[in-house]
Every structure is written in C-alpha cells, then in structure tokens.
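K.L.:
Below you'll find the structure I mean.
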Amino acid sequence: MSQTHKHAIPANIADRCLINPEQYETKYKQSINDPDTFWGEQGKILDWITPYQKVKNTSFAPGNVSIKWYEDGTLNLAANCLDRHLQENGDRTAIIWEGDDASQSKHISYRELHRDVCRFANTLLDLGIKKGDVVAIYMPMVPEAAVAMLACARIGAVHSVIFGGFSPEAIAGRIIDSSSRLVITADEGVRAGRSIPLKKNVDDALKNPNVTSVEHVIVLKRTGNDIDWQEGRDLWWRDLIEKASPEHQPEAMNAEDPLFILYTSGSTGKPKGVLHTTGGYLVYAATTFKYVFDYHPGDIYWCTADVGWVTGHSYLLYGPLACGATTLMFEGVPNWPTPARMCQVVDKHQVNILYTAPTAIRALMAEGDKAIEGTDRSSLRILGSVGEPINPEAWEWYWKKIGKEKCPVVDTWWQTETGGFMITPLPGAIELKAGSATRPFFGVQPALVDNEGHPQEGATEGNLVITDSWPGQARTLFGDHERFEQTYFSTFKNMYFSGDGARRDEDGYYWITGRVDDVLNVSGHRLGTAEIESALVAHPKIAEAAVVGIPHAIKGQAIYAYVTLNHGEEPSPELYAEVRNWVRKEIGPLATPDVLHWTDSLPKTRSGKIMRRILRKIAAGDTSNLGDTSTLADPGVVEKLLEEKQAIAMPS
C-alpha cells in the first residue's frame, strides 16, 4: 500500500464525531495562538475545588526550565474520576475486569469503586501515609491496582507503579530513589496460565541493605499460594480494608502537587523517575481521551496496556474514569490460550474502542485468520495503536481484519514524559495513512530540526522536538531537575527533545522513524542500552559489552549484545544461557538479550568511544554503507565482526 494512500473518514464516524475537519483546523490554530484561552476552556472538563485564574506559566529557557499549568487551582484526581459521577452515573460500570482465565470476569460500578477507594484511602491514613509520601505499587492487572492508585491520589500520596515484569534489583532501585514508605503487592500475579512471584520479588528487593524507607508491605491474595511472611511488616489487603470506613473526604490538592512518579529508561545510567503533577496532567489525559477516541457516553473502551506503564495510567485509568467511561482491564495476553483471545474479549464485552500495541498486532497477524476465528467484532468503532511506530503492513492488517475496514486506526505518538497523546489522528477530522501518526493534537507544536537545531521546513526528516509546553508535560525528574534539563532541553535550546526522529510528508503528516538515542523499544517498552550493558558487565566473566537494537518482526526491536569475555574465558553454550539468565535476573525478562555476539574487541575511536553506528549496521546485516571508519583505532575489528556475524543464528 502506497504511503500516500489516504483512508477517508467513514460515514458512520463523520455523522457523529466530536471534532470534524473544520473544527480541528479552527481549534488547533486557537490552541497555538492563544493557549491561555484554549486550555482555560478545556480545563473545565474537570471539577475544581478552587477554580484557577492562571492557565499557562512555562519556560523552556536554558537554566530556567519551569512548567506550571493551572497553578492557583485546587482539585482532587480521585474525586474527578469517581465522586462527581455518583449522582447521575453511580451504577454505570467503571471497570470491567477480565481475568487471565476466561471464566473469571466482573463488573465494578462507579459506586463500588468509590467505596473501595475510600476504604483503602482510610487504610493508608491509618498506616501513617500522608500527603507527599511515596507509595510503591507492584501489582498484577487486577482492579485493586486501580484502587491503590486512586486511593493514593485521594489522600495526596504520590504513587510509583512498578511494572510486574521487573526484577527485585529493579524494584529496589526504584524504592531507593523515591524513598517509598509503603509497598503494595500481591502474593502472585497470573499471566498466560503461569504464576508470577510478585511477593517473592518484593521480599528479595527489600533485602537490599540500601532499602531503608519501607515500613509496611500490603499483600493482596490473588492465587492463595504459599508465600513468606514477615510479621509486623506484611499486612493482608482484605484484613485492612474490611475494618476501614467507606467514608472519606478527598484532599484538596494544588494543581502542581505531585501525582505520580513513573520510572523510564534513559540512554545513560539509572532509570529516570518522571514526575507528573495533578491538574494539567488530568486535564490533558481527559481531553485527549475524549477527542482522540471520539468517546461517547456508554462506549465500552479497552486499553490492553499494563498499569505499570504510562499508557495504563493515562488511558486505562485516569483519562477514561475522568470522563465517566467504562474501561476494561485485562489480566491476560492477547493470544493465550488461543490466538483469537483478544477478539473473543471484544465480543464478550461488546468493546467499541480498542487500544493496543503494534507488538500485539504483529503477533496476531502472524497467526493469520486464527486471530479472528469464530469472532464477530461488529461492536468495534475505533481502533488505536500505542508504544512504538506501527509498520504499514500491520496497520493495514489491523484495519482490515480486526476492524473489518470500517474502524479508523488512531496511531498515537507520545511518551511517558508527555503524559498524553502528542501526534495523533482525530477519527472524524483527519484522513489516515497507514504507518503515520498524522497531525499534532491541540496545543502541541512539533518541529523537525537538524543536528544543529535548525528547523527544517516542508516535507523533510529530522529530530522531533516540541517548541512549547502542553498541560500533560512532565514537570521534572524526581529529585534531579538538573538531569531533567540536561536530558530533554540541552540538545536543542528552548525546545523539548523527544529523542525520536521523524519525517514530515507533503501533507504535513508525521511519520515517526524511531529513537535517535541509545534507547531500545522492545515490544513497546523502553529499555536503555546503558542499563543492559551495565548488567552484562556486572557478570564476573564479562569484560565489555555493547548493546544495540535490531529489527524484529513481532517485537519491533530485538536486543543484540556484543560481548567481550575476560582474558582466559571461553564462549560456550552454557555461558550463553547463563549470561542471558543473568540479565533477566538483573533487570527483568524484557531485557533478556535475543542475541549474544562473542567477540574479542569492539570498534572504538582513538579516544575509546565505541562506534555504535557501526555495531547497529553489522547487527542488522546492513553492510552496504558502514560510513567513515578512518577514526577507528583498529579498522580491522570491523572485518572480524562481519565474519563472526555470518555464524550467528538470528532470532525470527
């Protein structure tokens, strides 16, 4: 399919869309030319305790990066997601939970969710948790994860959700960095029929001598299997919630009070604790949810993301619940126990809006018609894609097979740091091109710049930057504002640098080309090459390592690691397995290298810098243009690496 082919806006969408093409142009112009008026109006999507007078107060200036929105307003996120819906829609389903086992599912109304959140808020207060304290949440995909997050927001505690796939070492690092006082977990998680030892991982993390801030661990009973128990520290969820009062008055929070920390991989060193605040974030999550998914009251919405990622925060929970929507939470995986599981869930719950990742789409695509076998999917109206650029072939398959050629695909580009959608179609306003994220959302001013920071006009390619602030933008990195400025605002002055490259076509549509820094995107999850390299080098037999990403049909990118062993050590199949398991234990299963390339030396400049550009090309099998190798200390290394590469079995 030609990249210039446009999919027209379907008549059934055009007839009742919230934003049509003319409205998009008008509103977008206003949002750029007069952000105070535009976002002042959009802020009314929420209920405020103290209405704001100021809207935007932001600076991207070097040495003075400061981001404030609605700074004199007060509100409570949980009240906006729950309390305000009770009078008219208290009996509406807030969360549909679909278990890993298809025989397990339940509907939780707004009234029931409100009661549970109030009880858990009182539980937190009884344990001495107060406004500003950090609570670590390491939970499976169960409604109690949402209860824990909303209860933190209700009392003004800051939540730090840790993805359930992370290792004890990764958990410990996040607890130490944020000084979390409490950990909320479950005995085990369940995924694709297998149990995940969540409590054991937390126990192991808390054995780290540098973890000194944690006072209690609240444990939800999910599987009921035996776990270790530390009397006094460990507390059962049910015991606490049963004796807690269902009455709780939400805390008035300033719009700029911290809401959550979410750790994301950086290209250097330890993961970064991205900090989002309350008001601007929720305005942005709710506004983007409403317009991008063309949400109408009564729609059943399903975002397949885990709560441990920003998508789970903004578009599984907070955006939908702020809008009074019914959101589906799925414990399992899209292709287990059958390739048609995702479509079976769509039919079972009559899902209207489906938001998933290219990785899932490609995995289902590989199954062919088995992915849709015996399913109807006629309830679907809007499809969405998130986590990484979607290749046109997968886009077309998704549109054709899952959506039966009648559902617009909103391919959303955004990041943990942006809080919400940045470049995305609006279903009733923008014609679609397979593989393009299309146009910017309201208030978002993207630009493409060359490596010197000069803006590139017209149809071109370059580094993707944003030239002015938006309400959902992260305010800082927890405890390290200097690193925040250094990471996002130092490469190009007075601009937010996304770390992604993009091209813009003759219609002004954006095509994301992927990371330009040393961050990998594996199955929609960001992993820093530095973090994986550090784990490899920590192995007693490894001298040096360099990690690059290679294209992978299902995961988007696979992890290719060049490894130099210590003098006297020899490669072996046993060591290969040992090293892969080592990384798995250090970081988590996601970071396990797909390929280990044993080598005696790496291509380095005379100053000792590893030439990653060359390593990327060799790993990808692209040897046509290795570029200038004259700066290498030993140009012969490249030939040797190419020879070694011939013998390596690549992942399919």
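Just so you know, glycine gets a Cβ as well, placed from its N, Cα and C.
Annotations for this protein, taken from Swiss-Prot, read as follows:
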type	residues	note
BINDING	ARG191, ALA192, GLY193, ARG194, THR311, ASN335, SER523, ARG584	CoA binding site
BINDING	GLY387, GLU388, PRO389, ASP411, THR412, TRP413, TRP414, GLN415, THR416, ASP500, ARG515, ARG526	ATP binding site
BINDING	VAL537, HIS539, ILE542	Mg(2+) binding site
MOD_RES	LYS609	N6-acetyllysine
K.L.:
Determine, to the nearest whole angstrom, how far the Cα atom of ARG191 (CoA binding site) is from the Cα atom of ILE542 (Mg(2+) binding site).
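P.N.:
For ARG191 (CoA binding site) versus ILE542 (Mg(2+) binding site), the Cα atoms are 33 Å apart.
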K.L.:
Any idea what DSSP makes of ASN335 (CoA binding site), helix, strand or coil?
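P.N.:
DSSP assigns ASN335 (CoA binding site) to coil.
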K.L.:
To the nearest whole angstrom, what is the C-alpha distance linking ALA192 (CoA binding site) and GLY387 (ATP binding site)?
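P.N.:
Checking the Cα atoms of ALA192 (CoA binding site) and GLY387 (ATP binding site) gives a distance of 21 Å.
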K.L.:
When you average the Cβ positions of VAL537, HIS539, ILE542 for the Mg(2+) site, which other residues in that chain have a Cβ within 8 Å of that mean position?
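P.N.:
So the additional residues around the site are ALA535, LEU536, ALA538, PRO540, LYS541, ALA543, GLU544, ALA545, VAL563, VAL579, TRP582.
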K.L.:
Round to the nearest Å and give the CA-to-CA distance linking TRP414 (ATP binding site) with THR311 (CoA binding site).
P.N.:
9
K.L.:
Measure between the Cα atoms of every pair in GLY387, GLU388, PRO389, ASP411, THR412, TRP413, TRP414, GLN415, THR416, ASP500, ARG515, ARG526, the residues the record assigns to ATP, and report the largest value in Å, rounded to a whole number.
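P.N.:
The widest Cα-Cα gap among those binding residues is 18 Å.
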K.L.:
Pop the Cα-Cα gap between ARG584 (CoA binding site) and ILE542 (Mg(2+) binding site) into the table, whole Å please.
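P.N.:
Checking the Cα atoms of ILE542 (Mg(2+) binding site) and ARG584 (CoA binding site) gives a distance of 16 Å.
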K.L.:
Using only C-alpha positions, which one of THR412, THR416, VAL537 is spatially nearest THR311 (CoA binding site)? These are the binding-site residues in the record.
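P.N.:
Comparing Cα positions, the candidate nearest THR311 (CoA binding site) turns out to be THR416.
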K.L.:
Cβ distance under 8 Å to ARG515 (ATP binding site), same chain, sequence separation 6 or more: which residues?
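P.N.:
Listed in sequence order: GLY499, ASP500, GLY501, ASN521, GLY549.
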